[in-house]
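First up is the structure itself, then whatever we jot down about it.
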Amino acid sequence: MNHPSLPPQSERRALAIAQAVYEAFEDYHARFSEITACAKQRFETRDWSGAREDAVARIALYDQYIAECMLRLRAVLLGQAHDRALWMRARDRYAALLSGLIDQELYKTFYNTLTRRYFGTHGVDADIEFIALDIEPTDAITVPVARHTYAVSPGRLTDMLVRVLGDYAFAVPYAHRTRCAAAIAVRLLDDLAHWGEHPVRSVELLETVFYRERRAYLVGRVFGEHRFSPCVIALINDDAGLRAEAVLTRRSDVAQLFSNSRSYFQADLSTVGDAVVFLRSLLTHKPVDELYTMLGRAKQGKTERYRTFFSHFQAHPSEQLVHADGTPGMVMVVFTLPSYPLVFKLIRDRFAYPKTMSRAQVEGKYELVFQLDRIGRLLDAQPYRFLRFPKARFSPALLQELQTSCAMSLSEDGDDVLIALCYVQRRLRPLNLYLREQLPEAAHAAALDYGQAIKDMARNNIFPGDMLLKNFGITRHQRAVFYDYDELCLITECNFRDWPTPATYEEQMAAEPWFHVGPRDVFPERFALFMGLPSSQLEAVKHQHPELFDPRWWRDLQSRLRDDDYPDTPPYAESRRLA
């Protein structure tokens, strides 16, 4: 959108603003790429603690470069930081600099973040921000992402895969490249046998290798005569050497690999939008916002999530926001739009007993989640500030509770409600409701996976704190995921104790502990009392996961974690591993 010209001095200043913001984003992108590129060496040298440090450092970059850009702009703005006409013109100048760029949406989000910092924007400001609720920006990306394509001659699949592994070389050699290629070939032929004779006609893999935790992934597609399927080759570098560990061709397996309950990939992509377009061809049901987020572009993920939600929200003007299903929380009020799979979580002004933490501590827990390896068990929770909703869109019961319980987060502006801070997550079915609704076999499997989820988190130094079923949800792929973080802490911070043996009848019958319990004391032998599982499912969990109730297991694990010895947690089922 072009606006009337400003005086020559202001025109020059608008251009200087645009150039400064452009250069700041370029600097951010270069540093982002620099950290991401370290993932290859971390993988080669098995420097897993360094990889975790890189992941945390990369998340912090965005706000660091926004702050640095604001410092640079001081010399340009000269007291005109809140001149709307100047920023409107700067936006036009900035848009001109982005013409033809594949990733111009990332640049625009950076610009929007700056204007929101300067103007304290509540909702959106269409005059100075880049707003496009009615379009899908990736639809305009037609440039194909960089990839390798391999044709397959009949009977020569293993030979082709030997070449693939050679093209993706590392500083450490494959333990046995031909054997790896043969195992991959067998799995592909088994998985795709229903495609008929000679099912694999070609394979297409992104040039960029994806890294996360202890694995590297070659991500692409396998083509038959009339169809294609995802093809992800997982590489591992451990005591047995560098080798292919798994091949994923099922969309459900690949979707779980890219789940928003996992940590972000380290993938050194020169451009991101074209990679998102490619990944959407593999995962057609995966929202664009989650793909951007999983590639480490969390701010862009937030932008796309906002864009798609409010586009849907405006297209359904008669639908009201209501309380989300599930047991009301003592720390959060949670609401949703029934037709859209997101929930919005607001911190209550006061917490019911026995919750004793402060509001700042709750916010700190949600920030901590970004720094952890979430290993498919912690749902991504993005913070949003100053969201604006029409007051009429809230159900009366929801609006009343927000006004009485979340007044610190809520304000009214005419016919609108402003939310100062909320956390937005994918909506899952709460586990306590799911177990009641399912047939016994499905409920049994979910209960066992709930136990596995607690173990997976523990092995990555995560203790949920509150193990009640209502704090877990079930994904589309029937996977138990934790999503309520107000009591989450690190395993290494806990004191795992044996439950004392009562010495007297009075102690044995006491309703409360007869001994001192410190704020970090945890008693695994008592977990069964706080899980809320029906007796048959509880017995199944005890049988399948007995270590959960053994304080010695927790103390041994704690000792390993303190020595930086993190057990491996593969992101796929044992059945997907190669022979």
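Glycine is no exception: its Cβ is also placed from the backbone N, Cα and C atoms.
Fair warning: this is a prediction, and the values are worked out from it, not measured in the lab.
Features as listed in Swiss-Prot:
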ACT_SITE  Asp380  active site
BINDING   Ala324, Asp325, Gly326, Thr327, Pro328, Gly329, Met330, Lys345  ATP binding site
Measuring CB to CB from Met330 (ATP binding site), give everything in the same chain under 8 Å that is also at least six residues away in sequence. Arg348, Phe351, Ala352, Lys355
Greatest C-beta neighbour count within 10 angstroms, which of the recorded positions Asp325, Asp380: Asp380
Here are some binding-site residues: Gly326, Thr327, Pro328, Gly329, Lys345. Which one has the most Cβ atoms within 10 Å of its Cβ? Lys345
Counting every protein chain shown, other Cβ atoms within 10 Å of the Cβ of Ala324 (ATP binding site) number 23
How many Å lie between the Cα of Gly326 (ATP binding site) and the Cα of Asp380 (active site)? 19
Mapped onto three states, the DSSP assignment of Thr327 (ATP binding site) reads coil
Cα of Ala324 (ATP binding site) to Cα of the residue listed as 'active site', in Å and rounded, measures 17
Under DSSP, is Asp380 (active site) part of a helix or a strand, or is it coil? coil
